[in-house]
Amino acid sequence: MTLTTWLPRAHRTHRAPAGPLDRRGRTRVLAICCLSLFLVGVDNTIVNLALPAIQRDLHVGVSGLQWVVAGYTVVLATLLLPAGAAGDRFGRRRTFQTGLVLFTLGSLLCSVAPGLGTLVAARMAQAVGGSMLNPVAMSIITNTFTEPRERARAIGVWGAVAGVSLALGPLLGGLLVDTVGWRGVFWATVPVGLAALALCARYVPESRAERARPLDPVGQLLIVVLLGSLTYGVIEAPTAGWTAPQTLLCGAAALLAAACFVPYELRNRAPVIDPRLLRSAPFAGAAAIAVCGFAALGGFLLLNTLYLQDVRDYSPLHAGLLTLPLAVLAMVCSPFSGRLVATRGPRLPLIAAGAAMAAGTATLTGLTAGTPDWQLVVAYSLFGIGFGMLNAPITTTAVSGMPRDRAGVAAAVASTSRQTGQLLGVTVLGSLATSAVRGPLHSGFAAASHVGWWVATGCALTVLALGILTTGRWAGRSAARVAQRLESVPTERAVDGGST
């Protein structure tokens, strides 16, 4: 059975125009790829606003809400790297269509889920599809726009759409939850997914790599065990106990997977991640910055949503409007950060990102039920500025000094690090806050969240420190040494990837 045997017949047999596309054809391809990015980006934001409504309707605790978010993120983080390989091996258009089908089907199942278990399983199905969308869409774009200047403009449009999806998410999410309920945030994506699927079949030509990359199932399995056991252990620890046998067993499984991963990948001729890349200070720094920065984001979104709706009793629309400055400023600052990276390098944007994010989260470390709205808006604005400055220098720093055949895997690892960071933010910060709650959530969560805000501040300050340490001259020399060594390694180790 092939990857898309089960797709509707029309989508399997229709052939998009073959050969080089004209300008209109390339624009259509870009629009379709951006539609999938918008679909995934908006879904990620609006689900956070729906969490309190899910909590009330399905009668679940905070750990259940963590699973709604983390179940999606852990699958996405583990599958981003092999998704690019699947596109090269089975065809980028075919893989992209498969991702659209799975994401849309998962959204439909989420909208009718009768309980938490079904909802989390459907979110995981969504994530399997989502992992095939953005990385493969970026690969389609880079293969469609071959002229460097035109490709740069296309990637700029891609980045702008990512910002728009972030900005519209809170508004759309609040509106949908207020008017039709939390299930509406899922079924609203179904017609968009179906439209993208039909347009893809009509206008996106098939393409694949001339030489299919070898797969690394053992390395991939170790990543699944590492992130899966870590996620389960941290989310369930506040309920089961941090020293409970199941918590300790999950911790041991994660440590064992991590201990086996590096030596196995060093021996493997086609590793999912080449550990020797970590000897490059800019690459290792970019991965760590992505984890820390997106951990702060994941924790911020979860803690803030619960605070606004469970403690302040704001409606989803009110909460979304109050959070809008974060999203708008992130959208505005993102292209500015890209221009700074192009003209001044990644150091200044990373320093600004860490400082602004730390200032925003530190403003919330004394949060109470009566904290004035203006203080919240200041915190959201500072965090939005910092997060907007963060994304562009991460990828630039990761690929800095890498050989061309390693730039793809460097960008892909940076994307995986982003998702891993968001996963850790939701699980760790959420569990720390949950463990500290005394009494009902309504009266005890504001004080309990202080520890989470302090940890988020620490993550942001780590971004600041790493931005200084990993962008200096010595870091550049380490990248040059690693690049020189890698150029003598057979190309089987090279892995292309996309960004998300």
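Using N, Cα and C of the backbone, Cβ positions are placed for all residues, glycine too.
The feature domain 'Major facilitator superfamily (MFS) profile' is assigned by TrEMBL to 29-475.
When Cβ-Cβ distances below 8 Å are used as the criterion, the transmembrane segment (29-47) is approached by residues 21, 68-69, 72, 96, 99-100, 103, 107, 126, 130, 133-134, 137-138, 140-141, 144-145, 154, 157-158, 161-162, 164-166, 168-170, 172-173, 176-177, 185-186, 189, 192-193, 195-196, 199-200, 203-205, 301, 327, 500 of the same chain, each at least six residues removed from its ends. Here TrEMBL flags 29-47 (among others) as transmembrane segment.
Per TrEMBL, transmembrane segment is recorded for 67-87 (among others). Same-chain residues lying 6 or more positions outside the transmembrane segment (67-87) and placing a CB less than 8 Å from one of its CB atoms are 3, 44, 47-48, 51, 54, 95-96, 99, 116, 119-121, 123-124, 126-128, 130-132, 135-136, 139, 208, 212-213, 215, 220, 223-224, 227-228, 231, 235, 272-273, 298, 302, 408-409, 412-413, 415-416, 419-420, 422-423, 426-427, 495-498, 500.
Taken from TrEMBL, the feature transmembrane segment covers 99-121 (among others). Long-range Cβ contacts of the transmembrane segment (99-121) within its own chain (Cβ-Cβ under 8 Å, at least 6 residues beyond either end) map to 4, 7, 36, 39-40, 43, 54, 58, 60, 64, 67-68, 71, 83, 127-133, 136, 183-184, 186-187, 189-190, 193-194, 196-197, 200.
Long-range neighbours of the transmembrane segment (152-172) within the same chain, counting only residues 6 or more positions beyond its ends whose Cβ lies under 8 Å from a Cβ of the stretch, are 26, 30, 33-34, 37-38, 40-42, 44-46, 49, 138, 141, 144-145, 185, 188, 319-321, 323-324, 326-328, 330-332, 334-335, 338, 388, 391-392. Summarising the annotation, TrEMBL assigns transmembrane segment to 152-172 (among others).
Summarising the annotation, TrEMBL assigns transmembrane segment to 184-205 (among others).
The transmembrane segment feature in TrEMBL is assigned to 217-235 (among others). If one looks beyond the transmembrane segment (217-235) by at least 6 residues along the same chain, the residues whose Cβ comes under 8 Å of a Cβ in the stretch are 63, 66-67, 70, 74, 77-78, 81-82, 246-247, 249-251, 253-254, 256-258, 260-261, 264-265, 268, 271-273, 420, 423, 427-428, 430-431.
Sequence annotations record features per position, and here TrEMBL assigns transmembrane segment to 241-262 (among others).
For the transmembrane segment (283-307), the residues of the chain that approach it from at least six positions outside its boundaries are 45, 48-49, 51-52, 62, 65-66, 69, 73, 277, 319, 323, 350, 353-354, 357, 360-361, 364, 367, 380, 383, 387, 390, 393-395, 397-400, 402, 410, 413-414, 417-426, 428-430, 433, 441, 445-446, 449, 452-453, 455-457, 459-460, 462-463, 466-467, 469-471, 475, 479, 482, judged by C-beta separation under 8 angstroms. Residues or ranges marked as transmembrane segment in TrEMBL: 283-307 (among others).
Per TrEMBL, transmembrane segment is recorded for 319-338 (among others).
Sequence-distant contacts of the transmembrane segment (350-371) (same chain, six or more residues past either end, CB-CB distance under 8 Å): 289, 293, 296, 300, 304, 307, 311-312, 337, 378-390, 393, 397, 443, 446-447, 449-450, 453-454, 456-457, 460-468, 471. Under the heading transmembrane segment, TrEMBL lists 350-371 (among others).
TrEMBL lists 377-402 (among others) with the feature transmembrane segment. Residues of the same chain lying 6 or more positions beyond the ends of the transmembrane segment (377-402) and with a Cβ under 8 Å from any Cβ of it are 159, 163, 277, 280, 282-283, 285-287, 289-290, 293, 296-297, 300, 304, 322-323, 325-334, 336-338, 340-341, 346-347, 349-350, 352-361, 363-364, 410-411, 413-414, 417-418, 460, 463, 467, 470-471, 476, 479-480, 482-483, 486, 499.
Taken from TrEMBL, the feature transmembrane segment applies to 453-475 (among others).
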*Near the transmembrane segment (184-205), which same-chain residues lie under 8 Å Cβ to Cβ, leaving out any that are not at least 6 residues past its ends?*
10-11, 14, 16-19, 21, 25, 28-29, 31-32, 35-36, 38-39, 42-43, 46-47, 49-50, 93, 96-97, 100-101, 103-104, 107-108, 110-111, 140, 172-173, 176-177
*Grab the same-chain neighbours of the transmembrane segment (453-475) for me: Cβ-Cβ under 8 Å, and only residues 6 or more beyond its ends, written as numbers and ranges.*
281-282, 284-286, 288-289, 292-293, 295-296, 299-300, 303, 345-347, 350-351, 353-355, 357-358, 360-362, 364-365, 367, 386, 390, 393, 397, 425, 428-429, 432
*Looking only at the domain 'Major facilitator superfamily (MFS) profile' (29-475), what is the mean pLDDT?*
88
